[in-house]
Amino acid sequence: MKLGTHGAVQPGPPDGSCEQPGPLGPSQQVSAFMFPYFIMLVFCGIPLFFMELSFGQFASQGCLGVWRVSPMFKGVGYGMMVVSTYIGIYYNVVICIAFYYFFVSMTRVLPWTYCSNPWNTPDCVGVLDGNLSSRAALNITQLLNSTQKRTSPSEEYWRRYVLNLSDDIGNLGEVRLPLLGCLGVSWVVVFLCLIKGVKSSGKVVYFTATFPYVVLTILFVRGITLEGAVTGIMYYLTPQWDKILNAKVWGDAASQIFYSLGCAWGGLITMASYNKFNNNCYRDSIIISITNCATSVYAGFVIFSILGFMANHLGVDVSKVADHGPGLAFVAYPEALTLLPISPLWSILFFFMLILLGLGTQFCLLETLVTAIVDEVGNEWIIRKKTFVTLGVAVAGFLLGVPLTTQAGIYWLLLMDNYAASFSLVVISCIMCVAIMYIYGHRNYFKDIEMMLGFPPPLFFQICWRFISPAIIFFILVFTVIQYRPISYNEYVYPTWAISIGFLMALSSVICIPIYAIYKVCRSEGDTLLERLKNATKASKDWGPALPEHRSGRYAPVFSPSTESHLEVQPLQPEKGQSEAAAASPVQGSNGSAHSQDSRL
């Protein structure tokens, strides 16, 4: 599960939490989104999830090292690193806001409970305000003729106090010092938890994987007992078939699948590289993907029961209750928490849940970058100094996140969310799929999986990898270009120069692929361009399983009979693992951290 920027609790890089890269929010017809979501899950999400797990597990390498399979496409790995960098920068800002709400919840009365605060406007209508009855006394004619937009105290607290939102993306205003401090706390926690690599963060998984379900269930029970909850749930479930033809809905579904499952970040490949060579990653991919989807659906009932209640109270449509983006997690949920007995306690638990979900994803992002850097340099010094690499990445991430804590920070955060880490993921996955299936060869890859798992991938996955997944992704990209509309935040329309920056961020990850391909072709041996292309795409000699006992068949080392008995076969990456006979004891990973090969994704 993951904490997402769009505020919905759903699983995930990476929730029954809040993480979506595409602009899905209550402003969209969510029922129209569900059909494309399931289609993308079955034909793209699960197959590509399995592909990345098997890819990293087979080679025991991070997102750069695995491209020994076809060196010309190593730019795909660099593209993954760029995407992970963007996500890591703004994602920790979302976590820092959760930290802020966590700290301010430690009070007798939650600060967004009433409309009697200095930052509130006359349009504010609080569920628990003393003047609620007088407001409710307005007759129907006054309500119909009213031009005022009624807002909740949680929304005004979010926009007018926490963000102190400016009027333009170019008007940065001042740095919000409370958010800056929480951002520092967030990065310190991430760094401390990764000092020893994946081993130091793995023990918390048992708690972080179960605790969110407890909180979700409590909120669900409370939500369905509220007046108007049925309206919200019906909005969630009622099909809007006219929206199905909208390419943006399919694009958002694709982005959500890629984001929640962690496809194309590089994190799946990196974490799978720590698995045992014969671990059943096929079973893992099915279980994780289905659990992810089920939690998303369950969280939808929780969210829209609460949104239905808020819409009923404010007298507006469900689609107009809350912002899209992080506003849903920091507007709708806080409002619902004020309705629970001992609301500060539940608020603390809820935002603690968000922090745990967010940190879990952030660990994966940071570990992906650190592992890729250490694997790429590859010398003994950087493996021993891995902690300093982690510290350097954390410091850089903090500094780059400072602009997102200004008064215009939310505009920049959504810009990065919609452009830097949205369809770049789809493009990267499509190229990865094509490179493995058609350049390295589908027969070779199927044999690799059979050697690793003991059985070839099922026919459904073979067909999806070769035909269905790339085709679906390609058509989505085409129709998205045709139906493209610039993003907006509520009534604010982004200026052209900001949209241009967004496209440059999206391009910066994808452009890595052709640039590195040209570089590799130029550096390859051969007298003609065709010979250079063949040599650049041919698998490296050291491609294959990392441990010698797994290098059988075509990966078996060849020695002359006279010298074979005198030679000792060394693993290609001794730092990635020792013999599985010593699996229970710590081994040294390429990221320089001691970890057990019993650890799993």
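Cβ coordinates come from backbone N, Cα and C, glycine included.
Curation plays no part in TrEMBL annotations; they are all automatic predictions.
Checking the candidates CYS96, CYS124 against TrEMBL, the cysteine paired with CYS115 through a disulfide bond is CYS124. Distance noted between the C-alpha atoms of CYS124 (disulfide bond) and ASN292 (Na(+) binding site) is 37 Å. Every protein chain considered, the tally of other Cβ atoms within 10 Å of the Cβ of LEU357 (Na(+) binding site) stands at 30. 34-55 is the stretch from 34-55, 76-103, 177-198 with the greatest number of Cβ pairs below 8 Å to the transmembrane segment (257-274). Stretch with the most C-beta contacts under 8 angstroms to the transmembrane segment (177-198), considering only 286-311, 345-366, 387-413: 387-413. Just so you know, the Cβ of SER260 (Na(+) binding site) picks up 29 other Cβ atoms within 10 Å once every protein chain is counted. When each of the listed stretches 34-55, 286-311, 345-366, 387-413 is scored by C-beta pairs under 8 angstroms to the transmembrane segment (419-439), 34-55 comes out highest. For CYS115 (disulfide bond), the nearest neighbour among the listed binding-site residues (SER260, ASN292, LEU357), judged by C-alpha distance, is LEU357.
Against the transmembrane segment (76-103), the recorded stretches 210-237, 286-311, 345-366, 387-413, 494-519 differ in Cβ pairs under 8 Å, and the greatest number is found for 345-366.
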